[in-house]
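Before any comments, here is the structure.
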């Protein structure tokens, strides 16, 4: 009779110095088998039946991110339990590690992007020139803050620690600017106090949830809050972009608020289908992404008033292009359609798009424009090519198809 030997999945044999077990695995442990499984020894020959290994314990050599439809972007991706390709396992792990490092490196350009404003505000405050801070719109900063908080919650659920760091930096840096605006009385004190409460609660709840220390009911309440907030702000910002060419009104935000509250209540009462619940759960992440995607669209007035383009910093636009571009390979690798859409859009249409405008109006040199153009499109091309190689596909179109439509 065949002997059975049980190994816990995450266990390491004594003396085994391999370090690849779950290394760089961004997925929560609940997605992996929690029970030990048998390895059968075939009688006298003592040969291991490695079928179970090929699906579970060796998945650390080549764990595939199961591509999911765009609607499921808000949920952590399960591991693909297909066959293990030993030849490309090392390449796969290396690219997994590199894309995570690229994503983490985005902190540098994003920090440099906000730092000059913080320093300038501090100098004006020290000089007693509070009026200068009124040029910074606190409502726009608050919108960006809400977007960063929503994306922080999104990436905290997906255990993408490098992206969590980027969004946390965004929250903290914008909050510093908002604090400076409050000190200059450019932001009403009651709004600042409310913002402070939201920021403090958001950071604490997100990190408690990341480490599994938060009650599910409290987390659902926070998700409902950012869903309602994000869905209310987005249409209002879109409407305000075209004022004074259209009447100034709070109606879009009010209608969206009512719809968001209704959707959340129906989802919690079980009145929606499974797809409906998924849709409501994905709203906060998508509204945050759309808020950031709207930023380049809101600058359409630069074409009506070309003098405004001179107020843009080419270096700031370059930093925005680089920061978002660094996250594209990771979003593509883990098949996160929402993240890929936001990062690509911001890199192409916000960062690079404004560089094109600056060049069109003769504000930057030809060399600067060409360097940015070659650098960006070479980077995107490299990401698509490398992803194709790592997954063993013949065309990057298959990677893009999986990204958008799932497997």
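Glycine residues also receive a Cβ, built from the backbone N, Cα and C atoms like all the rest.
TrEMBL: automatically predicted annotations, no manual curation.
If you check TrEMBL, you get these features:
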type: TRANSMEM; residues: 132-156; note: transmembrane segment
type: TRANSMEM; residues: 163-183; note: transmembrane segment
type: TRANSMEM; residues: 189-209; note: transmembrane segment
type: TRANSMEM; residues: 245-267; note: transmembrane segment
type: TRANSMEM; residues: 279-297; note: transmembrane segment
type: TRANSMEM; residues: 309-327; note: transmembrane segment
type: TRANSMEM; residues: 339-362; note: transmembrane segment
type: TRANSMEM; residues: 368-385; note: transmembrane segment
Review point. At an 8 Å Cβ cut-off, counting only pairs 6 or more apart in sequence, do the transmembrane segment (189-209) and the transmembrane segment (339-362) clear the bar of 3 or more pairs?
Key: no
Study note, to complete from the structure: Per the Cβ under 8 Å criterion, with at least 6 residues separating them from its ends, the transmembrane segment (163-183) contacts 103-104, 106-107, 110-111, 114-115, 117-118, 121-122, 125, 133, 136, 138, 141-142, 144-145, 148-149, 151-152, 155-156, 189, 192, 195-196, 199, 202-203, 206, 210, 323, 327, 330, 339
Check your understanding: Residues sitting near the transmembrane segment (368-385): Cβ under 8 Å, six or more positions beyond its termini, same chain?
Key -> 314, 318, 321, 325, 328-329, 332, 344, 347-348, 352, 355-356, 358-359, 396, 399-400
